[in-house]
Amino acid sequence: AALRTRLLSPLWPTLAPLCRAAPRQQRGLSSPSGSGHSLNLGGIFPPLATPFSPTQEVDYAQLEGNLRRYASIPFRGLVALGSNGEYPYLAPRERLEVVSCVRRALPRDRLLIAGSGCESTQATIEMTVSMAEAGADAVLVVTPYYFRGGMTSAALVRHYTEVADASPIPVVLYSVPANTGLDIPLEAVLTLAQHPNIVGIKDSGGDITRVGLMVHKTQQEDFQVLAGSAGFLLASYALGASGGICALANVLGAPLCQLDRLCREGRWQEARDLQRRLIEPNTAVTRRFGVPGLKKAMEWFGYYGGPCRAPLTPLSPTQVEELRGTFSANGWL
């Protein structure tokens, strides 16, 4: 992959439009008439949890079982290897196998977005190319953060530009300050939104003013803003966001798709009532209890959650009861 990338880089300005168009045509992924975007990201995407066996090996049979259950929910697509997929704990081979497994199970009219972010630009390019070969329709690229003090606007713009230049599929930026300790600065987002192969951003920071500004300042670009959490999904839609990549969709996928529909139909009072019932469960499976909480909640709704990969640890009995109480108090259990 690395050699191929180096050989093709000088030809990319010529090859890029052809490479990007071909996968969408093959998979029936052109945007609906009037959407105005080369790749329509409008709707709900669950960032899939990666199932592990009791010995902490990736359990592909359980992954396929979860995917069969998700098939009846009107998601726009799925995200493999986001933060909730425990992607930093997977070997490169495992990452590609997970994406291939999801691609085989996913209907061709639904998008597959795969996390390909690595710490170096070179490694990210190589992983991005490999994800495209494994069947991803777009990649979600998290900010490099180990040397966060050096991750200036200029450094991030250069990083994402080089990745987008080399990627055969569209790129979605991923800003998740709770995990990385940094946001992609707004001025960097606005610069990157002008790149023809960068089609959007998943913003998990929860700053609704920032979400509104990104939507407002990129109206002339082929660029979409996705809410990175269900807790501020309605507010993001009200400001013009296209959709959401929300951990809670692994558990309450149908209600989140209902919220998406209510917002699009302008049924704001119903949407507000539903959004309020989602806030506390969302906080519980994200900031409060994290991936172990998400996986435990999945089990109560008919999905396989299972263990996390070490060093993540399971919830204590007290935490499990607190989590269950949160879902019960909001009418979900």
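Keep in mind that glycine also has a Cβ here, set from the backbone N, Cα and C atoms.
Over all protein chains present, the Cβ of Y174 (active site, proton donor/acceptor) has 28 other Cβ atoms lying within 10 Å. The active site, proton donor/acceptor annotation in TrEMBL covers Y174.
Annotation source TrEMBL lists active site, schiff-base intermediate with substrate at K202. Residues near K202 (active site, schiff-base intermediate with substrate) in space but far in sequence (CB under 8 A, at least 6 apart, same chain), listed by position: G82, L140, V172, L173, Y174, S175, V176, L226, G228, I245.
Annotation comment: TrEMBL describes I245 as pyruvate binding site.
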